[in-house]
Amino acid sequence: MSAGHIGRAALAFATVLIGVVGSVCLGVVTASQEANRYNFRFVRHARDAPAVSYYNYIVVGGGTAGCPLAATLSEHSRVLLLERGGLPYGNRNVSSEYHFADALADTSPLSPAQRFVSEDGVVNARARVLGGGSCLNAGFYTRASAGYVRAAGWDHRLVNASYRWVERALVFRPGVPRWQCALREGLLEAGVTPDNGYTLEHVPGTKIGGTIFDRRGRRHTAADFLRRAHPRRLTVFLHATVSRILFRRAEQQPVAYGVVFTDPMGVQHHVYLRRGGFRSKNEVILAAGTLGSPQVLMLSGVGPRPHLEKHGIRTVHEQPGVGQGVADNPMNSVFVPSPVPVALSLVQVVGVTRFGSFIEGVSGSQFGIPLRHGGRGRNFGMFSPMTGQLGTLPPRERTPEAMRRAAEVMRRLDRRAFRGGFILEKILGPLSTGHMELRSTDPHANPAVTFNYFRDPRDVERCVRGIEAIQRVARSPAFARYTYANHTTMDAAFRRAAYFPVNLLPRHPRDTRPLQQYCRDTVMTIWHYHGGCHVGAVVDRDYRVIGVRGLRVVDSSTFKYSPGTNPQATVMMLGRYMGLRILKERLLRKGTEEKH
């Protein structure tokens, strides 16, 4: 290469580097100010981490489970929490109910939502922010069913105590606007009974659930649990990407003794478990989520041997179940246009049917809100091409170009066309499952995920019955104020374009697809994916990785089925629950050693 080429390459690299450093430094200032504002003086940027450090517990992933877990463990131990994203505070796309869909629409490198596309063709997102998915979701809060708790083998008393701990910190009773009231009455008239009023319990019938948005529309997230942490025993590093877990061998078994993480400048940092005393209880705990935890395990040499060898990764412990059994609850939504204006509301009411479908709704025209101050863009809500949701095309046809065309159509349409709300159905389970694999050994890259939506015909039947229930709700007397009588009157009212980039109800007369095909063609995500480190296959009932010492997984990757109608309550509860269980084990072990 000539000196001129080298010089130009160096200049280009320097320009990129300056841009990265500038954005990172700007993030550091903001993060530092916000950390001090919330008294998070133990929260620091990864670039400020020492080259080597020691802790009793290393928690990988500061998400919906990791934050309550780390806060609980810090009550009696020195804990390090590593999060690959930044703080949620000070970002209105996270904190404001009115702008939350903008986070999902943000595909920039510093977005709190990292977009990925499953091998099925469905656009999805994974959290990249302290607080995890609780910073991105629609806020609905509901517990798992009693049957789910029994099947998991959890101590129901400790489960209830852990739920209450979560709820005292960030759960509110929503103010229910008229559209949500009509949805509730419509569900009851459609036969989704009984009326369970306001409850956090998962029970059949129609209910109003909790929310993590307060009455001012401000989101409260799992990061808030860190206010309950012991400030001198907990350290949190942001923008810290774990590349691998460190293992040694003892008695023919791998033992986790630390991790390696990189900061945004690519500098490596080594963290080790402290030695001395009852060191056998010091642990690395993965709480990196359904994609992150299996990914870190495989990058560290724990997973299916042929797949690891394909990527040149030395097998530390062959574990065929890692990455298997991942599932995403299929969601199908319809937009029900309204003749009258509708107030904004996120998920507040849910119909828990007896045939395996959950029905929810979001309403109101977010569509006129600027994407950013002074911007021309408009936020088209959570089920729109801007957030990767394009249910009018089959998944394989949802190309970036198709997304752009649909977004442009939405921008041109009259705002009156967007009055109304989405009614959606999500199926129980699901029974259809898939797998995930590494695309590369880059820990920043998304793995390849296949969910196999609707592979099991029982999932299709649940969807069909859910869509039929939505149709009954939309035709109910209770909902009459918020819907047009038929497609002809709706068309006349809109004078709309021939193409409308959301699925409408009433359906167009030319749409003669059977509902089974309609379910497959219009499937989207509701971001409730789970699995990949199942209990019994990858971890035991205490969430220890089978065949490995000093390593656990505590997050949604351990779930075979999604709990309740919305999983965040149970993921948060699990973090608190396992934190208490681990501390109890530690204190019992310490007491035993002191006696001897």
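Glycine too: its Cβ is placed from the backbone N, Cα and C atoms.
Automatic, uncurated: that is what TrEMBL annotation is.
Glu83 (FAD binding site): 32 other CB atoms within 10 A of its CB, across all protein chains. The FAD binding site annotation in TrEMBL covers Glu83, Arg84, Val129, Val242, Trp527, His528, Pro567, Gln568.
The annotation disulfide bond is assigned in TrEMBL to Cys463-Cys519. In the structure as shown, the Cβ atom of Cys519 (disulfide bond) sits within 10 Å of 24 other Cβ atoms.
Through the fold, the domain 'Glucose-methanol-choline oxidoreductase N-terminal' (289-303) approaches residues 60-61, 63, 116, 126-127, 132-133, 242-245, 247, 254, 313-320, 322-323, 326, 436, 438, 441, 443, 446-447, 449, 529-533, 538, 545, 548, 553, 555-557 of its own chain, all at least 6 residues removed from its boundaries and within a Cβ separation under 8 Å. Annotation source TrEMBL lists domain 'Glucose-methanol-choline oxidoreductase N-terminal' at 289-303.
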Which of Arg84, His528, the listed binding-site residues, has fewest other Cβ atoms within 10 Å: His528
Listed recorded positions (Cys463, Trp527), ranked by Cβ neighbours within 10 Å, top entry: Cys463
Average model confidence [pLDDT] within the domain 'Glucose-methanol-choline oxidoreductase N-terminal' (289-303): 98
Cα-Cα distance linking His528 (FAD binding site) and Cys463 (disulfide bond), given in Å to the nearest integer: 16
Distance, Cys519 (disulfide bond) to Arg84 (FAD binding site) (CA atoms, angstrom): 35
Integer Cα-Cα distance in angstrom, Glu83 (FAD binding site) to Cys519 (disulfide bond): 37
Cα-Cα distance linking Trp527 (FAD binding site) and Cys519 (disulfide bond), given in Å to the nearest integer: 17
